[in-house]
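Now, the feature entries from Swiss-Prot:
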- 127-158: repeat 'WD 1' (REPEAT)
- 198-238: repeat 'WD 2' (REPEAT)
- 249-289: repeat 'WD 3' (REPEAT)
- 294-334: repeat 'WD 4' (REPEAT)
- 338-379: repeat 'WD 5' (REPEAT)
- 382-421: repeat 'WD 6' (REPEAT)
Amino acid sequence: MNQCAKDITHEASSIPIDLQERYSHWKKNTKLLYDYLNTNSTKWPSLTCQFFPDLDTTSDEHRILLSSFTSSQKPEDETIYISKISTLGHIKWSSLNNFDMDEMEFKPENSTRFPSKHLVNDISIFFPNGECNRARYLPQNPDIIAGASSDGAIYIFDRTKHGSTRIRQSKISHPFETKLFGSHGVIQDVEAMDTSSADINEATSLAWNLQQEALLLSSHSNGQVQVWDIKQYSHENPIIDLPLVSINSDGTAVNDVTWMPTHDSLFAACTEGNAVSLLDLRTKKEKLQSNREKHDGGVNSCRFNYKNSLILASADSNGRLNLWDIRNMNKSPIATMEHGTSVSTLEWSPNFDTVLATAGQEDGLVKLWDTSCEETIFTHGGHMLGVNDISWDAHDPWLMCSVANDNSVHIWKPAGNLVGHS
(Lines of atoms letter the chains of each structure in order from A and count residues from 1; the text may use other names and numbers.)
(Lines give C-alpha, C1' and ligand atoms only; values in the text may rest on other atoms or scores of the structure.)
Protein backbone atom coordinates (compact mmCIF):
# COMPACT_ATOMS: atom_id res chain seq x y z
CA MET A 1 0.00 0.00 0.00
CA ASN A 2 1.16 3.50 -0.78
CA GLN A 3 1.65 4.94 2.71
CA CYS A 4 2.64 8.40 1.41
CA ALA A 5 5.80 8.21 3.50
CA LYS A 6 3.90 8.43 6.75
CA ASP A 7 5.95 5.83 8.58
CA ILE A 8 9.27 7.33 7.52
CA THR A 9 11.47 9.25 9.92
CA HIS A 10 13.53 11.97 8.37
CA GLU A 11 16.71 11.69 10.36
CA ALA A 12 19.97 11.08 8.55
CA SER A 13 20.58 8.02 10.73
CA SER A 14 17.52 6.35 9.19
CA ILE A 15 19.16 6.20 5.76
CA PRO A 16 20.73 2.77 5.18
CA ILE A 17 24.49 2.63 4.62
CA ASP A 18 24.10 1.16 1.14
CA LEU A 19 21.90 4.07 0.08
CA GLN A 20 24.39 6.56 1.47
CA GLU A 21 27.15 4.86 -0.53
CA ARG A 22 24.97 4.85 -3.64
CA TYR A 23 24.33 8.57 -3.18
CA SER A 24 28.05 9.28 -2.83
CA HIS A 25 28.78 7.38 -6.04
CA TRP A 26 25.92 9.16 -7.82
CA LYS A 27 27.13 12.59 -6.70
CA LYS A 28 30.61 12.00 -8.12
CA ASN A 29 29.15 11.29 -11.55
CA THR A 30 26.50 14.01 -11.83
CA LYS A 31 28.42 16.03 -14.45
CA LEU A 32 28.34 13.04 -16.75
CA LEU A 33 24.73 12.10 -16.04
CA TYR A 34 22.91 15.43 -16.38
CA ASP A 35 22.56 18.40 -18.65
CA TYR A 36 20.94 20.19 -15.71
CA LEU A 37 20.67 19.32 -12.02
CA ASN A 38 19.38 21.35 -9.10
CA THR A 39 19.00 19.76 -5.66
CA ASN A 40 17.15 21.41 -2.81
CA SER A 41 16.49 20.47 0.80
CA THR A 42 13.27 21.70 2.40
CA LYS A 43 12.15 21.88 6.02
CA TRP A 44 9.52 19.20 5.46
CA PRO A 45 9.16 16.59 2.71
CA SER A 46 6.63 17.15 -0.04
CA LEU A 47 4.12 14.45 -0.99
CA THR A 48 3.33 16.14 -4.29
CA CYS A 49 4.94 18.09 -7.13
CA GLN A 50 3.73 19.52 -10.43
CA PHE A 51 5.30 21.91 -12.92
CA PHE A 52 2.99 24.77 -13.85
CA PRO A 53 2.33 25.18 -17.59
CA ASP A 54 3.77 28.70 -17.82
CA LEU A 55 7.37 29.81 -18.35
CA ASP A 56 8.96 33.24 -17.86
CA THR A 57 11.18 33.30 -20.95
CA THR A 58 13.11 36.40 -19.82
CA SER A 59 14.55 34.50 -16.84
CA ASP A 60 13.77 30.89 -17.81
CA GLU A 61 11.79 30.68 -14.59
CA HIS A 62 9.61 27.64 -13.94
CA ARG A 63 6.94 27.41 -11.24
CA ILE A 64 6.40 24.21 -9.24
CA LEU A 65 3.50 23.21 -6.98
CA LEU A 66 4.69 21.54 -3.76
CA SER A 67 3.47 20.71 -0.26
CA SER A 68 4.77 20.42 3.30
CA PHE A 69 4.15 17.12 5.09
CA THR A 70 4.81 17.24 8.85
CA SER A 71 3.30 13.85 9.78
CA SER A 72 1.05 15.73 12.25
CA GLN A 73 4.09 16.99 14.17
CA LYS A 74 3.37 20.65 13.33
CA PRO A 75 -0.10 21.08 11.81
CA GLU A 76 0.51 24.82 11.51
CA ASP A 77 3.27 24.04 8.98
CA GLU A 78 1.02 21.97 6.71
CA THR A 79 0.91 23.99 3.48
CA ILE A 80 0.78 23.80 -0.25
CA TYR A 81 3.12 26.28 -1.86
CA ILE A 82 4.45 27.49 -5.18
CA SER A 83 8.18 27.79 -5.75
CA LYS A 84 10.17 29.24 -8.62
CA ILE A 85 13.43 28.07 -10.15
CA SER A 86 15.47 29.24 -13.14
CA THR A 87 17.19 26.56 -15.21
CA LEU A 88 19.48 29.23 -16.73
CA GLY A 89 18.32 28.67 -20.28
CA HIS A 90 18.14 32.42 -20.86
CA ILE A 91 21.83 33.01 -20.14
CA LYS A 92 24.03 33.49 -23.19
CA TRP A 93 27.16 31.42 -22.84
CA SER A 94 30.47 32.98 -23.75
CA SER A 95 32.85 32.40 -26.63
CA LEU A 96 35.84 30.09 -26.85
CA ASN A 97 37.84 32.75 -25.01
CA ASN A 98 36.16 31.67 -21.78
CA PHE A 99 36.40 27.92 -22.21
CA ASP A 100 37.55 26.40 -18.90
CA MET A 101 40.26 23.87 -19.75
CA ASP A 102 40.31 22.42 -16.22
CA GLU A 103 36.61 21.59 -16.13
CA MET A 104 36.33 21.22 -19.91
CA GLU A 105 33.21 23.36 -20.20
CA PHE A 106 32.09 26.81 -21.27
CA LYS A 107 31.70 29.49 -18.62
CA PRO A 108 29.38 32.50 -18.82
CA GLU A 109 30.69 36.03 -18.99
CA ASN A 110 32.03 37.30 -15.69
CA SER A 111 29.49 40.11 -15.73
CA THR A 112 26.54 37.69 -15.90
CA ARG A 113 24.04 38.06 -13.06
CA PHE A 114 22.76 34.68 -12.00
CA PRO A 115 19.32 34.06 -10.48
CA SER A 116 19.07 32.15 -7.21
CA LYS A 117 20.48 28.63 -7.37
CA HIS A 118 17.75 27.38 -5.08
CA LEU A 119 13.99 27.18 -5.11
CA VAL A 120 12.40 30.49 -4.18
CA ASN A 121 9.12 30.24 -2.28
CA ASP A 122 6.61 32.48 -4.03
CA ILE A 123 3.25 31.78 -2.39
CA SER A 124 2.25 29.60 0.58
CA ILE A 125 -1.29 28.49 1.35
CA PHE A 126 -2.11 27.06 4.77
CA PHE A 127 -3.67 23.62 4.39
CA PRO A 128 -6.81 23.76 6.55
CA ASN A 129 -7.02 20.21 7.90
CA GLY A 130 -5.10 16.96 7.64
CA GLU A 131 -2.18 16.40 5.30
CA CYS A 132 -2.08 17.09 1.57
CA ASN A 133 -1.62 13.75 -0.18
CA ARG A 134 -1.83 15.20 -3.70
CA ALA A 135 -2.21 18.70 -5.17
CA ARG A 136 -3.00 19.55 -8.79
CA TYR A 137 -3.90 22.78 -10.59
CA LEU A 138 -6.92 23.11 -12.89
CA PRO A 139 -5.56 22.73 -16.46
CA GLN A 140 -7.93 25.35 -17.88
CA ASN A 141 -7.07 27.83 -15.09
CA PRO A 142 -3.84 27.07 -13.19
CA ASP A 143 -4.73 29.63 -10.51
CA ILE A 144 -7.24 27.11 -9.15
CA ILE A 145 -5.59 24.35 -7.10
CA ALA A 146 -7.13 21.22 -5.59
CA GLY A 147 -5.63 19.38 -2.62
CA ALA A 148 -6.55 15.84 -1.52
CA SER A 149 -6.53 15.67 2.27
CA SER A 150 -5.95 12.87 4.76
CA ASP A 151 -9.23 13.97 6.39
CA GLY A 152 -11.12 12.66 3.34
CA ALA A 153 -11.98 16.05 1.86
CA ILE A 154 -10.83 17.84 -1.28
CA TYR A 155 -9.97 21.51 -0.75
CA ILE A 156 -10.07 24.00 -3.63
CA PHE A 157 -7.86 27.10 -3.46
CA ASP A 158 -7.59 30.27 -5.55
CA ARG A 159 -3.92 31.20 -5.86
CA THR A 160 -4.70 34.84 -6.60
CA LYS A 161 -6.12 35.26 -3.10
CA HIS A 162 -2.96 34.08 -1.37
CA GLY A 163 -0.23 36.61 -2.03
CA SER A 164 2.65 36.81 0.41
CA THR A 165 0.97 39.63 2.35
CA ARG A 166 -2.07 37.45 2.95
CA ILE A 167 -0.41 34.36 4.37
CA ARG A 168 -0.99 35.37 7.98
CA GLN A 169 -4.59 36.31 7.24
CA SER A 170 -5.23 33.05 5.39
CA LYS A 171 -4.30 31.07 8.48
CA ILE A 172 -6.97 32.86 10.48
CA SER A 173 -9.84 32.78 8.00
CA HIS A 174 -10.78 29.92 5.69
CA PRO A 175 -7.95 29.64 3.15
CA PHE A 176 -10.01 27.50 0.79
CA GLU A 177 -12.66 28.53 -1.71
CA THR A 178 -14.52 25.23 -1.70
CA LYS A 179 -14.53 22.04 0.33
CA LEU A 180 -15.68 18.83 -1.35
CA PHE A 181 -16.75 16.28 1.19
CA GLY A 182 -19.43 13.62 0.85
CA SER A 183 -19.60 10.06 2.14
CA HIS A 184 -22.75 9.31 0.18
CA GLY A 185 -23.47 9.59 -3.52
CA VAL A 186 -26.21 9.27 -6.08
CA ILE A 187 -24.95 6.03 -7.62
CA GLN A 188 -23.59 2.87 -6.05
CA ASP A 189 -21.66 0.16 -7.82
CA VAL A 190 -23.10 -3.33 -7.97
CA GLU A 191 -20.11 -4.71 -6.07
CA ALA A 192 -20.30 -4.73 -2.29
CA MET A 193 -17.71 -3.05 -0.13
CA ASP A 194 -16.57 -3.34 3.45
CA THR A 195 -17.97 -0.27 5.21
CA SER A 196 -16.49 -1.17 8.59
CA SER A 197 -13.50 1.08 7.81
CA ALA A 198 -15.51 3.89 6.21
CA ASP A 199 -14.83 6.11 9.21
CA ILE A 200 -11.10 5.86 8.44
CA ASN A 201 -11.04 7.63 5.11
CA GLU A 202 -8.42 9.60 3.23
CA ALA A 203 -8.56 11.32 -0.13
CA THR A 204 -5.64 9.51 -1.73
CA SER A 205 -5.50 11.13 -5.16
CA LEU A 206 -7.29 13.44 -7.58
CA ALA A 207 -7.37 14.31 -11.27
CA TRP A 208 -8.86 17.16 -13.30
CA ASN A 209 -10.74 16.46 -16.52
CA LEU A 210 -8.79 17.86 -19.48
CA GLN A 211 -11.93 18.15 -21.65
CA GLN A 212 -14.55 19.46 -19.21
CA GLU A 213 -13.47 22.39 -17.08
CA ALA A 214 -14.12 22.10 -13.33
CA LEU A 215 -14.81 18.34 -13.40
CA LEU A 216 -12.72 16.66 -10.70
CA LEU A 217 -12.11 12.99 -9.94
CA SER A 218 -11.07 11.82 -6.46
CA SER A 219 -10.10 8.47 -4.94
CA HIS A 220 -10.53 7.47 -1.32
CA SER A 221 -9.16 4.90 1.09
CA ASN A 222 -12.68 3.75 2.01
CA GLY A 223 -13.02 2.31 -1.49
CA GLN A 224 -14.88 5.14 -3.20
CA VAL A 225 -14.29 7.01 -6.43
CA GLN A 226 -16.09 10.34 -6.61
CA VAL A 227 -16.69 12.82 -9.42
CA TRP A 228 -17.25 16.49 -8.54
CA ASP A 229 -18.32 19.60 -10.42
CA ILE A 230 -16.82 22.61 -8.66
CA LYS A 231 -19.10 24.91 -10.65
CA GLN A 232 -21.69 23.97 -8.03
CA TYR A 233 -19.79 26.25 -5.69
CA SER A 234 -21.49 29.33 -4.31
CA HIS A 235 -20.07 31.99 -2.01
CA GLU A 236 -22.94 31.46 0.40
CA ASN A 237 -22.32 27.71 0.63
CA PRO A 238 -18.66 26.86 0.00
CA ILE A 239 -19.05 23.21 1.02
CA ILE A 240 -20.19 20.77 -1.67
CA ASP A 241 -21.30 17.56 0.05
CA LEU A 242 -22.90 15.71 -2.87
CA PRO A 243 -20.67 14.46 -5.70
CA LEU A 244 -22.07 14.00 -9.19
CA VAL A 245 -21.19 10.33 -8.95
CA SER A 246 -19.90 8.12 -6.14
CA ILE A 247 -18.81 4.61 -7.08
CA ASN A 248 -17.66 1.88 -4.74
CA SER A 249 -14.65 -0.12 -5.84
CA ASP A 250 -13.83 -3.75 -5.09
CA GLY A 251 -14.05 -3.19 -1.35
CA THR A 252 -10.45 -2.06 -0.93
CA ALA A 253 -8.79 1.36 -0.93
CA VAL A 254 -8.60 3.21 -4.22
CA ASN A 255 -5.01 4.44 -4.57
CA ASP A 256 -5.18 6.46 -7.78
CA VAL A 257 -7.48 7.76 -10.51
CA THR A 258 -6.85 9.25 -13.95
CA TRP A 259 -8.97 10.67 -16.79
CA MET A 260 -8.46 9.65 -20.39
CA PRO A 261 -6.83 12.80 -21.87
CA THR A 262 -8.90 12.81 -25.07
CA HIS A 263 -12.29 11.90 -23.59
CA ASP A 264 -14.62 13.76 -21.25
CA SER A 265 -16.19 10.70 -19.56
CA LEU A 266 -13.76 7.77 -19.48
CA PHE A 267 -11.44 7.29 -16.52
CA ALA A 268 -9.40 4.59 -14.79
CA ALA A 269 -8.93 3.65 -11.15
CA CYS A 270 -6.60 1.26 -9.35
CA THR A 271 -7.05 -0.36 -5.96
CA GLU A 272 -5.34 -2.06 -3.07
CA GLY A 273 -7.13 -5.22 -4.20
CA ASN A 274 -4.91 -5.36 -7.34
CA ALA A 275 -7.69 -4.15 -9.64
CA VAL A 276 -7.15 -1.82 -12.59
CA SER A 277 -10.53 -0.68 -13.90
CA LEU A 278 -11.87 1.42 -16.75
CA LEU A 279 -15.07 3.33 -15.97
CA ASP A 280 -17.46 5.61 -17.82
CA LEU A 281 -19.04 8.64 -16.17
CA ARG A 282 -22.12 8.20 -18.36
CA THR A 283 -22.91 4.66 -17.17
CA LYS A 284 -22.10 5.62 -13.58
CA LYS A 285 -22.19 2.16 -12.06
CA GLU A 286 -20.69 -0.36 -14.43
CA LYS A 287 -17.03 -1.08 -15.02
CA LEU A 288 -16.35 -1.22 -18.75
CA GLN A 289 -13.17 -3.27 -18.25
CA SER A 290 -11.34 -4.54 -15.19
CA ASN A 291 -8.36 -6.75 -14.44
CA ARG A 292 -7.07 -7.88 -11.06
CA GLU A 293 -5.01 -10.88 -12.15
CA LYS A 294 -1.77 -9.24 -13.30
CA HIS A 295 -0.77 -7.25 -10.21
CA ASP A 296 0.21 -8.19 -6.65
CA GLY A 297 0.50 -6.21 -3.46
CA GLY A 298 -1.84 -3.37 -4.41
CA VAL A 299 -1.81 -1.11 -7.48
CA ASN A 300 -0.49 2.32 -6.49
CA SER A 301 -0.74 4.33 -9.70
CA CYS A 302 -2.28 4.40 -13.17
CA ARG A 303 -1.95 6.85 -16.09
CA PHE A 304 -3.18 7.13 -19.67
CA ASN A 305 -0.67 7.84 -22.42
CA TYR A 306 -1.01 11.45 -23.64
CA LYS A 307 -0.25 10.59 -27.26
CA ASN A 308 -2.19 7.32 -27.45
CA SER A 309 -5.00 7.34 -24.92
CA LEU A 310 -5.85 3.69 -25.61
CA ILE A 311 -2.70 2.79 -23.64
CA LEU A 312 -2.97 2.72 -19.85
CA ALA A 313 0.00 2.16 -17.53
CA SER A 314 -0.28 0.80 -13.99
CA ALA A 315 2.30 0.02 -11.30
CA ASP A 316 2.11 -1.86 -8.01
CA SER A 317 3.78 -2.32 -4.63
CA ASN A 318 5.93 -5.15 -5.94
CA GLY A 319 7.44 -2.93 -8.62
CA ARG A 320 5.57 -4.40 -11.58
CA LEU A 321 4.70 -2.01 -14.38
CA ASN A 322 1.98 -3.11 -16.81
CA LEU A 323 0.86 -1.48 -20.06
CA TRP A 324 -2.74 -2.17 -21.09
CA ASP A 325 -4.72 -1.82 -24.27
CA ILE A 326 -7.97 -0.62 -22.72
CA ARG A 327 -9.95 -2.35 -25.46
CA ASN A 328 -8.71 -5.70 -24.10
CA MET A 329 -8.09 -5.27 -20.39
CA ASN A 330 -9.51 -8.73 -19.71
CA LYS A 331 -6.46 -10.09 -21.52
CA SER A 332 -2.77 -9.98 -20.58
CA PRO A 333 -0.93 -6.63 -20.61
CA ILE A 334 0.71 -5.67 -23.89
CA ALA A 335 3.97 -5.12 -21.98
CA THR A 336 5.35 -5.76 -18.49
CA MET A 337 8.44 -4.21 -16.89
CA GLU A 338 9.97 -4.42 -13.42
CA HIS A 339 11.02 -1.31 -11.49
CA GLY A 340 12.54 -3.50 -8.78
CA THR A 341 10.71 -2.26 -5.69
CA SER A 342 7.36 -0.65 -4.90
CA VAL A 343 6.35 2.14 -7.30
CA SER A 344 4.66 5.13 -5.66
CA THR A 345 3.62 6.86 -8.88
CA LEU A 346 4.26 6.97 -12.62
CA GLU A 347 3.98 9.65 -15.32
CA TRP A 348 3.98 9.47 -19.11
CA SER A 349 6.07 12.06 -20.89
CA PRO A 350 3.81 14.67 -22.53
CA ASN A 351 6.39 15.03 -25.32
CA PHE A 352 7.48 11.49 -26.22
CA ASP A 353 4.79 8.87 -26.63
CA THR A 354 6.88 5.89 -25.53
CA VAL A 355 8.72 7.47 -22.58
CA LEU A 356 7.43 6.73 -19.08
CA ALA A 357 8.81 7.59 -15.62
CA THR A 358 8.37 5.49 -12.48
CA ALA A 359 9.11 6.60 -8.91
CA GLY A 360 10.48 4.15 -6.36
CA GLN A 361 8.64 4.26 -3.05
CA GLU A 362 11.37 2.25 -1.31
CA ASP A 363 14.54 2.48 -3.40
CA GLY A 364 14.38 6.26 -4.00
CA LEU A 365 15.03 5.84 -7.72
CA VAL A 366 13.27 7.54 -10.62
CA LYS A 367 13.52 5.40 -13.74
CA LEU A 368 12.83 6.55 -17.28
CA TRP A 369 11.61 3.84 -19.64
CA ASP A 370 11.40 3.49 -23.38
CA THR A 371 8.30 1.33 -23.48
CA SER A 372 8.75 0.56 -27.17
CA CYS A 373 11.68 -1.69 -26.27
CA GLU A 374 10.72 -2.19 -22.59
CA GLU A 375 14.09 -0.91 -21.38
CA THR A 376 15.30 1.57 -18.78
CA ILE A 377 17.02 4.48 -20.52
CA PHE A 378 17.96 6.53 -17.42
CA THR A 379 17.94 6.23 -13.63
CA HIS A 380 17.96 9.24 -11.31
CA GLY A 381 19.63 8.12 -8.09
CA GLY A 382 19.93 11.37 -6.14
CA HIS A 383 17.26 10.69 -3.50
CA MET A 384 18.18 8.74 -0.39
CA LEU A 385 14.64 7.83 0.66
CA GLY A 386 11.44 6.96 -1.17
CA VAL A 387 10.16 9.21 -3.96
CA ASN A 388 6.64 10.54 -3.40
CA ASP A 389 5.85 12.26 -6.70
CA ILE A 390 7.30 13.22 -10.08
CA SER A 391 6.41 15.73 -12.79
CA TRP A 392 7.46 16.45 -16.37
CA ASP A 393 7.98 20.03 -17.54
CA ALA A 394 5.85 21.18 -20.48
CA HIS A 395 8.51 23.44 -22.04
CA ASP A 396 11.75 21.49 -21.71
CA PRO A 397 10.97 17.96 -22.96
CA TRP A 398 13.36 16.08 -20.64
CA LEU A 399 13.19 18.31 -17.56
CA MET A 400 11.71 16.64 -14.48
CA CYS A 401 10.94 17.39 -10.84
CA SER A 402 10.97 14.71 -8.14
CA VAL A 403 10.29 14.92 -4.39
CA ALA A 404 11.22 12.40 -1.72
CA ASN A 405 10.98 11.53 1.97
CA ASP A 406 14.51 12.83 2.63
CA ASN A 407 13.10 16.39 2.31
CA SER A 408 14.64 16.74 -1.13
CA VAL A 409 13.24 18.50 -4.19
CA HIS A 410 15.23 17.77 -7.35
CA ILE A 411 14.91 19.43 -10.76
CA TRP A 412 16.92 17.54 -13.33
CA LYS A 413 17.48 16.81 -17.00
CA PRO A 414 19.33 13.69 -18.21
CA ALA A 415 22.37 14.14 -20.41
CA GLY A 416 21.37 14.21 -24.06
CA ASN A 417 23.83 11.52 -25.08
CA LEU A 418 22.23 9.11 -22.58
CA VAL A 419 18.60 9.47 -23.62
CA GLY A 420 19.05 10.55 -27.21
CA HIS A 421 18.12 14.24 -27.15
CA SER A 422 20.18 17.15 -28.44
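Every residue gets a Cβ built from N, Cα and C, even glycine.
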Same-chain residues near the repeat 'WD 4' (294-334), Cβ under 8 Å, at least 6 residues beyond its ends: 1-2, 252-253, 255-263, 268-276, 278, 340-350, 353, 356, 358, 360-361, 369, 371
When counting Cβ pairs under 8 Å to the repeat 'WD 2' (198-238), the leader among 127-158, 249-289, 338-379, 382-421: 249-289
Overall pLDDT of the repeat 'WD 3' (249-289), taken as the mean: 92
